[in-house]
Amino acid sequence: MKTAARLDRIPPYLFAEIDRRRDEAVARGVDIINMGIGDPDKPTPPVVLEAMHAAIDDPSTHNYPPYKGTKAYREAAAAWFERRFGVGGFHPDTEVISSIGSKEAIHNTFLAFVDPGDYTLIPDPAYPVYRTSTIFAGGEFFAMPLLPENQLLPDLEAVPETVARKAKLLWLNYPNNPTGAVASLEFFEKVVHFAKKHDILVCHDNAYSEMAYDGYKPPSILQVPGARDVAIEFLSCSKAYNMTGWRVGFVIGNRTGIAGLGQVKTNIDSGVFKAIQQAAIAAFGLDDERLHALMAVYQNRRNIIVEGLRSLGWPLEAPKATLYVWAPIPKSFGSSVEFVGALLDKCGIIVPPGNGYGEHGEGFFRIALTVPDERMREAIGRMEAAGIRFEG
């Protein structure tokens, strides 16, 4: 018995590998500080839990949900989007669809639009699912390097015309995982122009839209005039509402994009449990003060890590958004894998290597701000005690 040949092209999922290494270390008795995965350690807000409890007690939530989400959920998602980004008029029946978090919807979008021989334009480094989903769909991906000299934004002019003509999807993710980079509306305007020129669907993974610091508010690509002609945006309750395990979000924007995704979803999944949708509606109604309090926690953690690494010689700027700090490895290490292995072996610290996010992630590692302050300070202390410093 043999698995499909496509699996030979797909490496082990980065975060599953992190979990495996964590479990092995814990089994050896190592006190692990796991800063490998962006899984918030704070609880889901009480009002969301209360809505969930009430919905579970309602027998009408116990049967199959609508494939594209309940009407109430899609209306609430569209209303939240309008309040947050100032862009309204999205029809809940044709321009909004529920999703099982973001990962499922991202993967299914590739199945909806990519045929064998088609190209997808993928940032590098990036969330690994963009690359693997291209392979599952039978397409080819063209890596767009995110380079410091371009403010970690892809250079669309560097995409060869022969590739652009065959491209079906252009993927973006700002605020960016893993780099923490942000994008302006001016950049998104260039993206929309490029997509219209080449008849490409822009897929903006905006999972970190609410995870920003120092008063910064990340934009939506759909704020650009004409963007809904070529773009869809993926949003999730996971990070902003501490609901990673609940698996609920939505996709909004271009009708063809939503229809294609919906056609795949109706044949693959059976929607989101209606009680979870009710809970998410309650989350959409939370005021900004709760989010500000949450982000104050993450901002303090960001400062602990950035200042701690600076004290060990790292040349870092504090990221404006996301739950991550993206940092270079010391030159004394030959690769990012070697460096993160040393952190695990010498310090009991788990972080992912940059090359797990693509070729242009080599030479970097990512720190997730999802452990308590005291454990972050302890991590810096362990690195100092082990003699791990940055040497340019």
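Using N, Cα and C of the backbone, Cβ positions are placed for all residues, glycine too.
Checking the candidates Tyr73, Tyr119, Tyr127, Tyr216 against Swiss-Prot: the one annotated together with Tyr67, Ser102, Lys103, Asn177, Tyr208, Ser236, Cys237, Ser238, Arg247 at the pyridoxal 5'-phosphate site is Tyr127. In the structure shown, across all protein chains, Ser236 is the one of the binding-site residues Asn177, Ser236, Ser238 with the greatest number of other Cβ atoms within 10 Å.
For Ser236 (pyridoxal 5'-phosphate binding site), the nearest of the binding-site residues by C-alpha distance turns out to be Lys103; the candidates were Lys103, Tyr127, Arg366. Recorded residues Asn177 (substrate binding site) and Lys239 (N6-(pyridoxal phosphate)lysine) have their alpha carbons 13 Å apart, per Cα-Cα distance. Every protein chain shown contributes to the tally, and the Cβ of Gly38 (substrate binding site) ends up with 21 other Cβ atoms within 10 Å.
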